[in-house]
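In TrEMBL this protein carries:
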DOMAIN    6-224  domain '6-phosphofructo-2-kinase'
BINDING   R231, H232, G233, E234, S235, I236, Y237, N238, R284  substrate binding site
Amino acid sequence: MVLKKLTNEKDLKLCVVMVGLPARGKSFISQKIVRYLSWLSINCKCFNVGNYRRVLGIDNPKYGFFDFDNLSSYDIRENALKLAFEDMLSWFDDAIDNKVAIIDATNSTRERRNWIIKNCEKNNVHPMFLESWCDDPETIMANVKDIAITSPDYDGMDEKSAEDDFMKRIENYQNVYSTLNTTDDKDITFVKLINISHEIIINKIQTYLQSRIVFYVMNIRIKPKCIWLSRHGESIYNVEQKIGGDSSLSERGLKYASKLKSLIKENVKNNEQDLSVWTSTLTRTKETAQYLPYSKLEWKALDELDAGVCDGMTYEEIEEIYPEDFKARDEDKYEYRYRGGESYRDVVIRLEPVIMELERQENVLIITHQAVLRCIYAYFMNVPKEESPWVSIPLHTLIKLEPRAYGTKVTRIKANIPAVSTYKEKGTSHVGESSSAKGSHNLLVNAPEIN
């Protein structure tokens, strides 16, 4: 099927269509793309066809529901796709800035993919197919185990029964599966990931946005991993309520640095022992990492947000000397750029290479700064950009992130070493967290905690 070429890239609406057998990481990749593009301020939304099947009343289907000879269940699954597609078109119409949609489903037959192409063409939407093809038993089984635990389809079912049922579901799809190839599908835009990243086939990538998505998915690794995040220990500037600078740790900050080694050892599993530690180039992060027996890497990109002319000042001094700037930053903290310094948007842009490398790694501990950790946390947790600068990232707390297909699990591990609060709430120049604060401030505060 030859596609009509869409030449006006400015108004291009892109639909990323996932392809692949179950347990190949499609939902994981879909959610990753949403988080990545949203983090870069590109409006993106995922339409999971399984969720629409549940809307139609099929909540906990057994493997027989996915038998393609079962015509009644086949019709339900196709209706779920149509509902997802209609919602996608409505979403594109809602706002001109809604640019990228993802249809997350197996889309395993050429017949279904041709239906998607035809209906995308009708609505001036460009389809880009993204297939995750995998025959590695270890990877597949790891995904099956994760799905058995996290998928809504298996709520209330024991893990072994869920795994057995899901393996039979895969067999049903294998009977009809048609993989993408450069002969039958030479006229369509597609990317085919073979065994995660061992081989990648790219066909007819036409726009800059498509190329950004391709480059990103080339760096994704679907294997389970843990990302550990920590602010540096309490610094002298923290105690003095000053922002920025390159001060050393306070006495309590040095105690945290000393305890961090045992904190990691007590909470890292055996398969996570090969840990890499990334720090900024600033003194306080390197001092925090000094007792850790792991390989270390300094990133200039992990340096704290540059406060420009306000570097080394307290918020009270900024409010007094630059009152208009102080107010402007509170009104739009993500976009506001310090005089001669940076905005949160600037930090996100310089962090992109860090995120790309982080996706390629398996187990990493990042020791960095409040603003930088807010941006990294927002990426993994899909926090809206306007809320990310207000997330509370306390000192002397280790954060464990475990990315999964249906979200990221967060655990806080407290060192139980006192430290000042450096959190500044909106509308005040005083630092310190209010117990009445609501919303994004509490995103991390409400995560499960280990003392």
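Placed from the backbone N, Cα and C atoms, the Cβ positions cover glycine too.
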For substrate: widest Cα to Cα gap among R231, H232, G233, E234, S235, I236, Y237, N238, R284 in Å: 14
Write out the long-range same-chain contacts of S235 (substrate binding site), meaning residues 6 or more apart in sequence whose Cβ is under 8 Å from its Cβ. S247, S248, L249, S250, G253, R284
Give, as a single whole number between 0 and 100, the mean pLDDT over the domain '6-phosphofructo-2-kinase' (6-224). 93
If you draw a 10 Å sphere on the Cβ of G233 (substrate binding site), how many other Cβ atoms land inside? 30
